[in-house]
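Colleague: Pasting the relevant annotations from TrEMBL:
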REGION    1-26  region 'Disordered'
ACT_SITE  91  active site, nucleophile
BINDING   146  substrate binding site
DOMAIN    184-286  domain 'Pseudouridine synthase I TruA alpha/beta'
């Protein structure tokens, strides 16, 4: 009996040593993952634990991390245990070409391949870097760059009868678009460009570094253009409303002065462009890179080697999804038809009074 007990104990000790050896071979380390995904069909990036009917990108990511053996199952249930942090909470339907998440994982062999094997093809991990123990991808991020791809007929004047596939953006209109987009540069009070923030809320002030629309190009017989915006941080729906307001002005629904008015305290009716064309392009860690990027232990968080993979992913999954969905669901066309019901001249108080009177 004693011998049997001894054998069991030895076996148990050996098993524990095996697990320990495995963990020693792949100890837990703080890393960042470079992610790309097509957001169609997802309710944004951030996981809602306990709400399974709204599928998010993180649901699929966490499942892949558990199944690949990078994290234990209980870390998947409680993400704080792996110090998980995403750089940006992309909204419903929004895609990303350069999302960054930070977390602690076991550095197993062929880690990227193993994670990707458990992910659907429209979500890819394109890169991995070791970071400092206290690194937090949200707090350490200095700036974020987004792009917004839209069919150029969105800029056609409301009084012109436009055939969508034939429309081509002329130079003067593109110049006007860029002049308006440049008005957003600098620090402004963007309380009118999000919900649930009052004009005196200090967090409504945001700093925009650049915003411009690139040269148009034709895909599947329709002309598209891409607007780029780089800012310190963005509030919910902010970029879509910034673009929505510029479209309303260029189409002739609103006066140019409305942008200046929107920085003020009054509530301005700002339309929100569809989410389909919005893509998180890249996130910037300039301060972190200056401090730790060349300390001999850590690499700078730059992804020059992954640029090609990012470009291929966009061509394969992000752009075709935007173009095909636009053709099938006509989200931009349907949204443009709603612009005429916005009241761009009076404040929200005036709109409410008018509504009461008409009732």
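Each residue, glycine too, has its Cβ placed from N, Cα and C.
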Colleague: Count up the helix, strand and coil residues in the domain 'Pseudouridine synthase I TruA alpha/beta' (184-286) according to DSSP, in that order.
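Modeller: Breakdown, helix to coil: 26 helix, 33 strand, 44 coil.
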Colleague: Between the residue listed as 'active site, nucleophile' and residue 146 (substrate binding site), what is the CA-CA distance rounded to a whole number of Å?
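Modeller: So the Cα of residue 146 (substrate binding site) lies 12 Å away from that of the residue listed as 'active site, nucleophile'.
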Colleague: Select one residue from 91, 146: among these recorded positions, choose the one with the most other Cβ atoms within 10 Å of its Cβ.
Modeller: 146
